[in-house]
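Some notes on the structure that comes next.
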Amino acid sequence: MNPLQLLQPLPAEVKGTKLLAHWDSGATITCIPESFLEDEQPIKQTLIKTIHGEKQQNVYYLTFKVKGRKVEAEVIASPYEYILLSPTDVPWLTQQPLQLTILVPLQEYQDRILNKTALPEEQKQQLKALFTKYDNLWQHWENQVGHRKIRPHNIATGDYPPRPQKQYPINPKAKPSIQIVIDDLLKQGVLTPQNSTMNTPVYPVPKPDGRWRMVLDYREVNKTIPLTAAQNQHSAGILATIVRQKYKTTLDLANGFWAHPITPDSYWLTAFTWQGKQYCWTRLPQGFLNSPALFTADAVDLLKEVPNVQVYVDDIYLSHDNPHEHIQQLEKVFQILLQAGYVVSLKKSEIGQRTVEFLGFNITKEGRGLTDTFKTKLLNVTPPKDLKQLQSILGLLNFARNFIPNFAELVQTLYNLIASSKGKYIEWTEDNTKQLNKVIEALNTASNLEERLPDQRLVIKVNTSPSAGYVRYYNESGKKPIMYLNYVFSKAELKFSMLEKLLTTMHKALIKAMDLAMGQEILVYSPIVSMTKIQKTPLPERKALPIRWITWMTYLEDPRIQFHYDKTLPELKHIPDVYTSSIPPLKHPSQYEGVFCTDGSAIKSPDPTKSNNAGMGIVHAIYNPEYKILNQWSIPLGHHTAQMAEIAAVEFACKKALKVPGPVLVITDSFYVAESANKELPYWKSNGFVNNKKEPLKHISKWKSIAECLSIKPDITIQHEKGHQPINTSIHTEGNALADKLATQGSYVVNCNTKKPNLDAELDQLLQGNNVKGYPKQYTYYLEDGKVKVSRPEGVKIIPPQSDRQKIVLQAHNLAHTGREATLLKIANLYWWPNMRKDVVKQLGRCKQCLITNASNKTSGPILRPDRPQKPFDKFFIDYIGPLPPSQGYLYVLVIVDGMTGFTWLYPTKAPSTSATVKSLNVLTSIAIPKVIHSDQGAAFTSSTFAEWAKERGIHLEFSTPYHPQSSGKVERKNSDIKRLLTKLLVGRPTKWYDLLPVVQLALNNTYSPVLKYTPHQLLFGIDSNTPFANQDTLDLTREEELSLLQEIRASLYQPSTPPASSRSWSPVVGQLVQERVARPASLRPRWHKPSTVLEVLNPRTVVILDHLGNNRTVSIDNLKPTSHQNGTTNDTATMDHLEQNEQSS
């Protein structure tokens, strides 16, 4: 605009009122007549300087129009009747043509697009006209930035501000490119010179064209920034749902993040230093945590009304079958983007083509494939020189992992190099180069994948080989796969049976299938003839943990999944394994300075109190070149197993090998010991010598000693050699046979120590003929074989010393954890002493295994019946039913029951979330707000959001005790009624329940209660609803008669008294020892936790205990039992069941 024209009044509009505006070159903030700001809330205060002095004034954020163009700016109140405009709020009034550093060849890009487009000639000419019409939309200069006309984003930090970071050393070659970017952004107001307490380092990244991209390392800032709830959809999900029609277009928004303004209060967080001067961003910077989500949300919202459009960050995709429609919708997109203030780069855009590149893939009408650009990158890959280059190559390959069936196996050896790397160095071999080329060749020849059709069921074909699982996904009518999935089994999974490996693969396949199913059923085809029969797999054949089996079996109950047998699938087992052995080739024994042959043996111990007696044998020999024995040892080990003897023998040999200069070979005939030492020992050493259950290894001290020897002397080789072979079977047969003989000799050596009888004072007095209390005089007492015996009518019995009696009881009881009488009979076969029954009862009451396993012989008191609320809407009971079979996208039903009347409301939801609960309750609370809401302790009801919602409305939240549905009996009974009624109405069509919810709600609310003799509708409204079998007399009553009848009905409701307690019931008291029931005990696991103390009695049926984890918990006594022998039971964990100890430690 001519500067003289700025002196003229400008037409403006505020809140629908037209008035005049004046451009003021000296104004730093726009002034609006104060009458327009009376209803606005100030966002801050600022100091305003005028010719009359300085004054603090409120600042508002207002939207208004100048010359028909929308302006959003910070404003202050003015006593005048016109607007005073600040030049910074309307820069377009004096806008000059943009002049930046590098001009892009726009005409060349437009010609390329017109030449490549598949549009007919008529639409091609229309496209050419659009290029001219929307010239302001295209990027004319590199680093050109749009200006999104929205309220500026405010970057909020957490409790602590980020720490300023030092600038990295910058490559001198990058400085010219970065300086151009900074100069261009300063001209457009994207950057502003400003000092800040924060600093983020600049990290230039080279581009393929030789220039450098300006990137800032905002990791320190991002640590303090709360992540926004709305995040971008995964690219795989977008590719599965985009519309693939004949004509396709992709548009690239240039520098989209930099188009979004941020508030001045956020500038300081974005600061960086360049050439000794600090700059701050006035727009969303790249690298900021929430930039992609904020930008994408805005772009999606802008284009939501345009059909067949998909947005992913700065990439826009649209497709149509009709060329005329495609051009029409394309112009609509151009118009929206121009009005919004974005800039489009035609360099990367493709318009009206049959095949386009989107999210790194070639998008065709049938599916997607790898682009030529990606394949060229693969061909240019060279062997890596360090760990960083290897990780970069694997990242590139991983992008296309779903295009070949055995990708994970092919790259397994390359991933192993990362684990074995030493710092940044890797051991790259010629075999690795061949394997890398094999992967690249497979990807370059990979076929296109089919698109996922949302109206068809998803088909999964699953199979496995000994080392990996294979999965293919199809549309039900499709011939090409949607994608491949390959899973290499872990070290633990390699030990599974083939059935368990197949179930592991199926589990991995179904996790991915839940995203691909898009609400449709999933058909799983596998070599398993009957999935129901695998539940009967015997426990000895199960090598996986029980928790895995529980997870696998849950899929059988999922109504969305159907399992089928496909006899053609076993052919997949013939896919060759990609396996590289890590065991070095064997050397001849003459190449070692010493050879140790080891063996361990165990026999049944001659001592009846012990089970085994072990020994080990070691032979030290040398081949020089003839076999010569240097030394040999036969060592008894006492009460140990043969496995422990094998490990001890190898440990002994390793310690002796430390004194031998040069390489040493240790031979063992135990495959377990050799495999563990060569393959498992490095992992055990790294994880602290614990197994998969996080328990210490058996014989941990021996393994630690072996690991220490191998670290001190790495040239010790431990090798397995099969034992008990004929002479001359192998070069080590003679040494193995001698070691076995020495081990057997050691196992036959028994150390026998003669013990004197240990008699206490009581038995000593008895043998001296004195009368001792509890010992009948008529029997004869004597000493024989060091033991005191008594002749009784049932035979001769041993009287053990008092110190041994507890051990005898525990030994007899622990054999099978028998009850009182069975244990007493077992002991009475050999022993007798006074009060033997009393001692047995006392010791059994202290057995932790029985305490946490046996059922309670006490019953809890009678159920407390809570008082019925005095009037409707006083108390609501709420709960979720589900998951149900999917019906119109819904899986759950929120059930709300009025406590006084039993009136029920049903709300379908997609998930049992807090937001769904609040949304449903908001509808109901528009009628009346309850005083109390009772629920279980589900996540949807215990979140802080739900608590805040209830607090705002004065609602008290009440929760039932865990694992005690009786506390929410009213809603639980309604749940069972709803499920039963839905099942009856939906026979043969379980996915149609959504349409029947109103019918179910009407039926429940008009069903008579056998106890109360009224329906919930009558209790709430006083009359029948207009339904069949309704009492027609009540429908014609006046309102006064309705209220009178309703009062009579409610007054007639009586509160049934609490039933009397049974003779076996118990009542809790403070300080009492009780045991809590395990919520969902697995097979062969304890049913009760260890004893806990009652801290507080809330009511006769609810207490607060100090649970087994040390936390205070509210529990119903239905889930408790009193501990036997309150005074004689300790609460320490020394004798606690080892299973529970493991659970606590994990």
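Glycine is no exception: its Cβ is also placed from the backbone N, Cα and C atoms.
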If I go by Swiss-Prot, which of E646, E651, E680, E762 binds Mg(2+) 2 at the same site as D599, D669, D740?
E646
Record says D314, D315 bind Mg(2+) 1. Source is Swiss-Prot. Which of D252, D265, D372, D386 does it list for that same site?
D252
Within 8 Å of the centroid of the Cβ atoms of D599, E646, D669, D740, which other residues of that chain place their own Cβ, given that this set defines the recorded Mg(2+) 2 site?
T598, G600, S601, G617, A649, T668, S670, G723, N736, A739, A743
Would you count the other C-beta atoms found within 10 angstroms of the C-beta of D24 (active site, for protease activity) for me?
15
Find, for the listed binding-site residues D314, E646, D669, D874, D936, the residue with the lowest Cβ contact count at a 10 Å cut-off, counting only other Cβ atoms.
D874
Suppose the Mg(2+) 1 site is D252, D314, D315. Which further residues of the same chain have a Cβ inside 8 angstroms of that site's Cβ centroid?
T250, L251, L253, G256, Y312, V313, I316, S345, K348
Take the C-alpha atoms of D936 (Mg(2+) 3 binding site) and D315 (Mg(2+) 1 binding site) and report the distance between them in angstrom, rounded.
46
Can you grab the distance from D315 (Mg(2+) 1 binding site) over to D874 (Mg(2+) 3 binding site)? Cα atoms, rounded to a whole Å.
54
Within a 10 Å radius around the Cβ, which one of these binding-site residues has the most neighbouring Cβ atoms: D252, D740?
D740
Name the secondary structure element type, per DSSP in three states, that contains D24 (active site, for protease activity).
coil
If we count other C-beta atoms within 10 Å, could you say which of the binding-site residues D315, D599 has the fewest?
D315
In terms of DSSP three-state secondary structure, what is the assignment for D315 (Mg(2+) 1 binding site)?
strand
What does the structure give for the C-alpha distance between E646 (Mg(2+) 2 binding site) and D874 (Mg(2+) 3 binding site)? Integer Å is fine.
74
Which of the recorded positions D24, D252, D314, D874 has its Cα nearest to the Cα of D669 (Mg(2+) 2 binding site)?
D314
